[in-house]
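*Asks:* Below are the features listed in TrEMBL for this protein:
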type: DOMAIN; residues: 79-129; note: domain 'NADH-Ubiquinone oxidoreductase (complex I) chain 5 N-terminal'
type: DOMAIN; residues: 145-435; note: domain 'NADH:quinone oxidoreductase/Mrp antiporter transmembrane'
type: TRANSMEM; residues: 7-26; note: transmembrane segment
type: TRANSMEM; residues: 38-59; note: transmembrane segment
type: TRANSMEM; residues: 128-145; note: transmembrane segment
type: TRANSMEM; residues: 151-170; note: transmembrane segment
type: TRANSMEM; residues: 220-239; note: transmembrane segment
type: TRANSMEM; residues: 260-278; note: transmembrane segment
type: TRANSMEM; residues: 290-309; note: transmembrane segment
type: TRANSMEM; residues: 318-340; note: transmembrane segment
type: TRANSMEM; residues: 346-364; note: transmembrane segment
type: TRANSMEM; residues: 424-444; note: transmembrane segment
type: TRANSMEM; residues: 465-486; note: transmembrane segment
type: TRANSMEM; residues: 518-539; note: transmembrane segment
Amino acid sequence: MQSEAVLLGLIPLFPLVGSLVIGLLYMATCNGKRLPDALYAILAVAGPAASFVAAAVVFMQLMGMPADGRVLTYTAFEWMAVGTLLLNVGFLGDTLSGMMILFITFIGTLIHIYSAGYMSGDEGFGKFFAYLNLFLGCMLILVLADNPVLLFVGWEGVGLCSYLLISFYYSDKANVIAGNKAFIVNRVGDFGFLIGMALLFWAIGAGGFDFLSLQENSDMLGIGLATAIAVLLFVGATGKSAQIPLYVWLPDAMAGPTPVSALIHAATMVTAGVYMVARFSFIYTSVPDVGLLIAWIGILTALLAAVIATQQVDIKKILAYSTVSQLGYMFIGVGLGAYSAGIFHVFTHAFFKALLFLGAGAVIHALHHQQNVWKMGGLKNKMPITYITMFIACIAIAGIPPFAGFFSKDEILVTAFSHGHYGIWLLSVITAGLTAYYMFRMFFLTFHGTPRDQYIYDHAHEAPITMTGPLMILSVGAIGAGWLGIPKVLGGNAWFGTWIGESAPAVYFSHPSAAVEYGLMALNVGIAALGIAIAYKLFFHGAQPAAVSHGWRNLVYNKFYVDEAFDAFFVRPLKALSTVCWKFFDNTVIDALVRGSRLVYQMAGSIFAVTQVGKLRFYALYMVVGISIISLYMLLQV
């Protein structure tokens, strides 16, 4: 099995080596003659592309194995042995990680190709791709890790890379602040993850701390301990996957280059929390109350983000809040025990969200980095490929059949209804309508109506093939990715759910009748169509920005002042405390100790300096006295 699974170790290695090579080349030439962008681009794309080929081979290997034994393991080397804790750098390939690495590497490769066009001519071209390769490599470590500690290494790696890429243009203070915010907020969540992981090891880690051993021994966990571990692990997920209350970093992460946003939102990082919950499904299945808490946090996050998105004017901020909202849907699925439904939405969302961000990047690139949708308009004739592909992505995220988002979102809504959680289901339906509304508000303001800034419009142009090519490929996924999970009621075989269920079995629930399921589908589509119709009425033929200086629009536009509340209750008090610590402890106590120790040594030196008179007879006397003392000590010992 080791020889068959060696590709598992190579999948993350390819982009990691690419990052190292590109980084060394960039550092060697950054102060001299610049290497051609084409060389960096070829090296950058080669790593993810090789990983995709290897991932496809692994996926085919898994498909060729019997359904009850689709597991590949590969141990690269022994990492550490501390007491009873034995950790390897090992990789686990099962139906869950196999599906994840397939679309992560595929979409990651397309984003790298797109980036070659988007970042062309940038001074930090090589550095950007070194970071981007590292980002993808860390995500692949996270997904393929066969134990929680190695997963945490990948977890922290994507956190570091997000910081480096969000603040890539560090000469702009706002970008640095955004990067710091992402890094610090995620550390809050990671604290919970670490404690949960430590508790898990203390409870059942002696029997082996790899995922397969933990799953076998999970019955030894009591309800109380399992609940505590599940909650603490989810705290980590709320940070990485931007859920209440730790969602505030993700919209600000738009400060980085647009391809970074696409990679963060579609193929890496933000889906890590959902994946982690699914990977620990053997714990969450045993504590359904924690799962219900996760589902409620998911729907409240989804609704809050959707409401905020309705009043945003920055095209990337709109998409950022849509990601927060869609992540909420994913947590509804995994929270209610329908792990395959949550991962199915991760899968479909990766295609249409990557398409949305890359399409937005093409618009921003064409408009010389203008991001305000009220400054756009009428671009469909200038950018026909971007227009068509963005339309496909908007239809997909709105949940209109037969596009990808319809099937995955419908499965989550049916799960909520079938479990009897009608409050979650109703709020999910409302959120679906809001999603369709704000996405088509963005779409109509960008591409339809008359140009609202003639100068920008006159200079707009379609993106180069390196950028439009990935858009066209992703649009195929935005249309057809959901077909892997067509439900049985529509004549499909729900293949995706069956596949993921082999690694993360769903909690059993009674499925609704065909008539009820048809009714739920019709309602979901009807609500989405209503949202699109309202957006069409208000924005298709052009509109003027509504005043946001007062009333509810101001409240929503300013994101309910959550950031200001965090600043008032956490950031400023902690800054004040750190200032006190700096001025009192560092400047007073620590400096006094340092100065005091210096004075002590000076005084001691002064005392001994008296004996240094420069006379030979005095030195001889000191030697005689010293020898006498040593001799006397030795005689007394006898």
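Glycine is no exception: its Cβ is also placed from the backbone N, Cα and C atoms.
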*Asks:* Could you count the residues of the domain 'NADH-Ubiquinone oxidoreductase (complex I) chain 5 N-terminal' (79-129) that DSSP puts in helix, in strand and in coil?
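*Replies:* Across the domain 'NADH-Ubiquinone oxidoreductase (complex I) chain 5 N-terminal' (79-129), the residues distribute as 29 helix, 13 strand, 9 coil.
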*Asks:* Would you say the transmembrane segment (424-444) and the transmembrane segment (128-145) are in contact under the rule of three or more C-beta pairs closer than 8 Å, pairs 6 or more apart in sequence?
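*Replies:* Contact between the transmembrane segment (424-444) and the transmembrane segment (128-145): absent, because fewer than 3 Cβ pairs are under 8 Å.
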*Asks:* Could you tell me whether the transmembrane segment (424-444) and the transmembrane segment (318-340) are in contact, taking contact to mean 3+ Cβ pairs under 8 Å with a sequence separation of 6 or more?
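*Replies:* Contact between the transmembrane segment (424-444) and the transmembrane segment (318-340): present, because at least 3 Cβ pairs are under 8 Å.
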*Asks:* Given the transmembrane segment (260-278), which of the listed stretches 220-239, 346-364, 518-539 has the most Cβ pairs that are under 8 Å apart from it?
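*Replies:* Comparing 220-239, 346-364, 518-539 against the transmembrane segment (260-278), the winner is 346-364.
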*Asks:* Using a Cβ-Cβ cut-off of under 8 Å, list the residues of the same chain that are 6+ residues beyond the ends of the transmembrane segment (290-309) and lie near it.
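*Replies:* Cβ under 8 Å, 6 or more out: 227, 230-231, 234, 238, 242-244, 247, 277, 284, 317-318, 321-322, 324-332, 334-337, 416, 421, 424, 427-428, 430-431, 434-435, 438, 507, 556, 559-560.
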*Asks:* May I ask which of the stretches 7-26, 151-170, 424-444 has the most CB pairs under 8 A with the transmembrane segment (518-539)?
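*Replies:* The stretch with the most contacts is 424-444.
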*Asks:* State the non-local partners of the transmembrane segment (151-170) in its own chain: residues 6+ outside its ends, Cβ under 8 Å from one of its Cβ atoms.
*Replies:* 12, 124, 128, 131-132, 134-135, 137-143, 145, 176, 178-180, 182-183, 186-187, 190, 193-194, 197, 236, 240, 252-253, 255-257, 260, 264, 268-269, 272, 276, 279
*Asks:* Under 8 Å, at least 3 Cβ pairs, sequence separation 6 or more: does that hold for the transmembrane segment (465-486) versus the transmembrane segment (346-364)?
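*Replies:* In this chain the transmembrane segment (465-486) contacts the transmembrane segment (346-364) - 3 or more Cβ pairs sit under 8 Å.
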